[in-house]
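Feature annotation from TrEMBL assigns active site, nucleophile to B:T181. Taken from TrEMBL, the feature substrate binding site applies to B:T148, B:K170, B:T181, B:E261, B:N380, B:S385.
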2 protein chains.
Amino acid sequence: MSVTAPQGFEAAGVAAGLKSTGKPDVAVVVNRGPRKIGAAVFTSNRAKANPIIWSQQVILDRTVEAVVLNSGGANCFTGSFGFQTTHQTAEKAAELLDVSAGDILVCSTGLIGTGDEAFRAKVLAGTEQAISELAADGGDAAAQAIMTTDTVMKTAVVSRDGWTIGGMAKGAGMLAPGLATMLVVITTDADLDALDADTALRRATGQTFDRLDSDGCMSTNDQVTLLANGASGIRPDIDDFAAALTELSDELALKLQGDAEGASHDITIRVTNAASEQEAVEVGRSVARNNLFKAAIFGNDANWGRVLAAIGTTSAQFDPYNVDVWMNGVRVCSEGGPDRPREEVDLTPRATDLLIDLQVGEAEATIRTNDLTHDYVHENSAYAS
Amino acid sequence: MSVTAPQGFEAAGVAAGLKSTGKPDVAVVVNRGPRKIGAAVFTSNRAKANPIIWSQQVILDRTVEAVVLNSGGANCFTGSFGFQTTHQTAEKAAELLDVSAGDILVCSTGLIGTGDEAFRAKVLAGTEQAISELAADGGDAAAQAIMTTDTVMKTAVVSRDGWTIGGMAKGAGMLAPGLATMLVVITTDADLDALDADTALRRATGQTFDRLDSDGCMSTNDQVTLLANGASGIRPDIDDFAAALTELSDELALKLQGDAEGASHDITIRVTNAASEQEAVEVGRSVARNNLFKAAIFGNDANWGRVLAAIGTTSAQFDPYNVDVWMNGVRVCSEGGPDRPREEVDLTPRATDLLIDLQVGEAEATIRTNDLTHDYVHENSAYAS
């Protein structure tokens, strides 16, 4: 059900011919109210796609009627023609939904540089068709239409006393943080004020999507959106809502990690006893972006030296000769020297746990990443995205 | 001839059993004077190997008698036992050369965590044997003994009016900057003061080795050393010397790039019209570390969108809609939009030129890197280094 699990939302997904495979590629999610609260976080990449530039303006008044999403083309670096395409997409949806174009978010994903006249015609036709097919059970169709190299549809639903949050996500590569890191639409029938929605979304993404760093590459098109309509009539405690939203976001983030392009290991990097949470995150990200470490994990090699070498590039407080490193429960390095033999570590399971004990403070953080594999190289050399 | 091309230097390389292949693995380079000037730059990784910790003390008085180098083990994160091994290596060489141990630099390369009693015994025996084989034509033997995954020996010689610079380098992966990025020993019979030697070395490495960023991973063991003995009796102009040293360093850096693990393209990233040289370097490094771009080049795909996405993650001044990108002479992106079709770019040659015109200033810089290939993943998953 994904985004249509909460009351008062409709969605659709259609095939508009943007994907050469003929699979669904345009999705629309509409908020039927009563409230039309919107919050969003965007890629912090300064090279932004046209839909990002548009949507950053739309979200300013915190009112969102609908989101139009397409796969099969990023509409990024496509000049003023591309921006007009995004604008026309919003106007087309607004006209058909009888609302203001300034309340329509637009998201695109696919190859950068794709956004010619044929692209525009297909997006506009797809938007019209999708709106004509809007349905209260259309969440899965929408989730399918935003898939790119994703091998599975990614949705999640969390319910509490009388209110529900639903979400869909796409993303299978280029997963690096910088606020959002993928296309995600989340809906809720909880009754939220705009500022509370924004606060809860930032809190949830900061702990989940923002700590997923699959390949260190930041996208030009990423956006995470929350729509809230109050249709349940229930106003949750903001902390309760934020916790539920974080739970749902974490579930979606795990699904993104599990489907990362070419990956054979899902690596959970837990950094403990850091001087601050920020430093724990810095250390975790440094390891998550170390190609040598990631290639070693692909080769089922518990190469803890590469972990320490990565930590050494950070500005975090630590003493290289007082760090413990555990892999899948085996302490392979203690006090900066070899401990248990690396051969004792069983790295054959897909789930891989790396624990770094910095022994300088009490803060901790968890960063998720994937290994660097032949298939990652293959998919990203052969697939032009 | 490498390090023995200048007058007054002797070198040797021997097989001490550190490499399972039985190939040479211990090298010694000795300065026979008359002057014993030394300068060195070290990895800026805070996780430093024992030889780095030792050598950083040795270089303080700018006097160096000899350098002992071993492959087949990094002696990094091997505890106080490992540091004592480095210390004993210096003492062994000093005793045999009848000089002070405090003037002996030590360099190690190989697997982190390797440095047990067997390692120590072999390094000490190898040092003794190498010193017994020191020869005025021993430069190539030394260059061979420091190879790890290098497929070719890397040496260079530059001669000017009456004085010469010779060098040897090893490094075929883990080539990222942070001062030095590999093991390099450079010798010269020019007559230099210690401060001039240091200045010239920092100037040369800053423009060459420091701008080679093969895989974004910084080593724990890297060191670039310059030994000067004045044996030619000629005192060159410092600018002339620095220029010659930069030329030699550039030649060695190109050889390192050309032998990078698993690479199929040598990518030269030239960033022009930046606001400052520092920003040009930042932009170049950002692209050099973008796995998606590097995988695209492996696949002979002129994916300029990934270049712009990488630039967008920097803090450099630029307007995404006023950037030109050229690949191998073809302008594929102008003013942030598609220009010539990407298919026009012939990426089959190993040498790959990427030109990024930021159009905001007059500064420029060149960063060198390699593509991300199946072989890179293979070598770094199967080879535990």
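Every residue gets a Cβ built from N, Cα and C, even glycine.
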Lowest local Cβ density among B:T148, B:N380, which the record lists as binding-site residues, within 10 Å: B:T148
Around the Cβ of B:E261 (substrate binding site), the count of other Cβ atoms that are within 10 Å: 27
List of the binding-site residues B:T148, B:K170, B:N380 facing chain A, defined by a Cβ pair under 8 Å: B:N380
Packing count at B:K170 (substrate binding site) (other Cβ atoms within 10 Å of its Cβ): 26
Three-class DSSP secondary structure - B:N380 (substrate binding site): helix
